[in-house]
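Q: What TrEMBL records for this protein is below:
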DOMAIN    16-105  domain 'Ig-like'
DOMAIN    106-180  domain 'Ig-like'
DOMAIN    210-302  domain 'Ig-like'
DOMAIN    433-528  domain 'Fibronectin type-III'
DOMAIN    533-628  domain 'Fibronectin type-III'
DOMAIN    632-723  domain 'Ig-like'
Amino acid sequence: MLKISTFFLFNFTEPPKFTRKPEKVTVVKPGQLVVFECQITGTPEIDTYWFRDGNEISPSDKHKMTFVDSLARLEISSSDIKDCGVYYCEARNEAGSESCSMELRVKVLVKPLSPLEVVNGSNAYFECQVKGTAPFEVTWQKDSKDIKSSLKHVILQKNGSIMTLDVQKCDALDVGEYQCIHSVRLIDFIFMILSLFILFNISHYLSEPPSFVERIENVVTVLGKKVEFKCVVRGSPPLSIQWQKDENWILEDPSIERTFLNSIDDNSVSLEIECLEKADTGTYTCKLTNKAGSCECSGTLRVKGQIITFAENTCTLKVPTLKLSDSGTYKCKAVNSAGTAETFASLVVKATVSILGLHHTGIYILTVSNSAGSKTVSLNVTVLDVPAAPIGPVNILEVTPDSMVIEWRPPKDDGGSPVMNYIVEKRESNKETWGGVIASDISEDALTLGWTMPLFDGGSPISGYIIERRHKGGKWIRVNKTPCKDLRYRVLGLFEDNEYEFRVFAENVAGFSGPSPISDPAKPCRPITVPGPPVNPKVKDYSCTYADLVWIRPTRDGGSPVLGYIVEYQKAGAEWEKVNKDDLIKQCAYRVKGLTEGTEYRFRVKAVNMIGEGETREIPESVIAKDIVIPPEIEVDATCRDCLTVRVGHNINVVAYVKARPDPEITWSKGESVFEKDKRTTLTNNFPVVQMRIKEATRADHGKYTLKAVNEAGEASATITVNVLDRPGHCQNLKLTYVTKNSFGMGRPANLKDAVSPKEIHGKHLF
């Protein structure tokens, strides 16, 4: 018996499938080991690939990848902020592919908290910054107890990563240990109220703000004398002392022959001025500052009198400030044991305005007279001064993450001259200084730095400033070899399109201060100016009511794109007037409308960019607004110039070009008949193109057509021949003319209308 066995081989495939996935979000501290594990099933053999933010990860010392016993594993050693992102694990085999995703967040503390001392009754402000993947969950604690946001404790989160706590009106109950806690790291902070009750168990002693025990007294003295302002002060050290005369701080200045002594002995402060002059008259203010606060007191100094000196047999009378009443005759009398001697001198004081104010602006009339008559002349005097402060408050209109828009009102007093620009300064809310180092007047290889004086001079007048610069992120380099005396400095030798940062140090006899806040990056570049004038402006066309102007864009845009153009016109003997008062002209052409017939006009054009209006360019020739008269000229289109031939049933289309000013009256005719618009005939005048169109031509449309153009300057005409063709008609009155064995002939009368040549039609028939 024969047995037959059959075997079947089945090959099953299963696409990859994730049976276990990592957590959606993993948060770690810097330096930690990160491990992602995925359980995957499927047949046949599976290949795994790892990606971060769409980029495939290759095996390295930092990234180790394994796939053993259906377990895919990715290890990331020494994690840092650069490892943040979305990770993907993709599994592939012949049956298909599947992937899963997970997110890694590494959070780093950038700005930790630091111990803080404050004065009783003032606010305490804590700030720390966390860098990493947002969002951050933060909790503030005092002595391990959670703090909730309230009127006492204001908790804010700025820009997503800066955590702040503001404790209002601190007292002894606020002393303790403060902590800022988020999901990764605990930020420890010890906050101490400056109260010796905590340190030495003396409850009544706190930081004492400065005050004056004995204040400055007013002084009246004479020229050339020495004066001393003295006061007794009290307050917790260290104390900073500054002196001010009127609105100006008093600084050491070798060019002035006077001496200022500023010292603190036994809580007394003094200021000495030697060899007084009339200019020393004014109000002197002493300002005291320490960590607990500040105070000031003032006294006035009045210097008066005349100075009489006698040296080397010379007698001198000094009159420092002349008045009209000082005019007259002065007598100098010398006396000794031998007798007396006298001499006389005349002094005439003319009227002048020694200290000008804005109220002195106006017209002054000078009259000179003698016995023969008088003469009067007027003088126009304009007094200029710095402008007053802008009118506040400053309104914030718009705020973005990196900028804001503010507005203010112009000052009431512009100082007698229009305000050219405004300077805006900013400071952080937790700082006391405004502005910092500001770059201005930037050119391709230089710029000007400006800064403000320090609030404290350290007890010794500031002798100068040191400036340093660096490429952005580079090393600092000193700019000026000798200290700068002014609050401005021109930095030379820079390279165009390179970004620079600057900082400033103040110097006194004790040494250098700390650096100022770093300036915003400044990039030397060619200064942006107004654009040049438009090129070759001219009048392209004109009439009694309009003028068409054209020009070419300027060769120089001033470093900023041209935003548009302004056109101005001038009537004979009048001022220039702007044509486009609302919007700029975007194209290099413009039609000026609304001209008055018979009036002479001149035109000029100027370009505008972001800086302002550029130089104007005037059109050389003037234009009188009137119509240009040109007699008609006709040119027939080449398609119908000699003869236009069409078949019956087709359209007749005649095109011609008419040049004339003003537009002429157009007439189409055939023989004595003048064409008008009807169902078959269409007449179009779109100057300079004129057109006649006749639908479905017939043999009756055959003939010569006349085009005539007429205006006030003259007339012109043109003739177009139109030939309409049709098939011939049927033959008539045929007759047999002869018959032979091999052929026959037949024909028709020769006078038939539709006869053709030859007149006889012969045919041949073969049998």
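Even glycines carry a Cβ here, placed using N, Cα and C.
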Q: Based on Cβ pairs under 8 Å, which of the stretches 16-105, 433-528, 632-723 lies most in contact with the domain 'Ig-like' (210-302)?
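A: Selected stretch: 433-528, with the most Cβ pairs under 8 Å.
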Q: Could you count the residues of the domain 'Fibronectin type-III' (533-628) that DSSP puts in helix, in strand and in coil?
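A: Tallying H, G and I as helix, E and B as strand, the rest coil: 0 helix, 49 strand, 47 coil.
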Q: Averaged over the domain 'Ig-like' (632-723), what pLDDT does the predicted model reach?
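A: Summing pLDDT over the domain 'Ig-like' (632-723) and dividing by its length gives 90.
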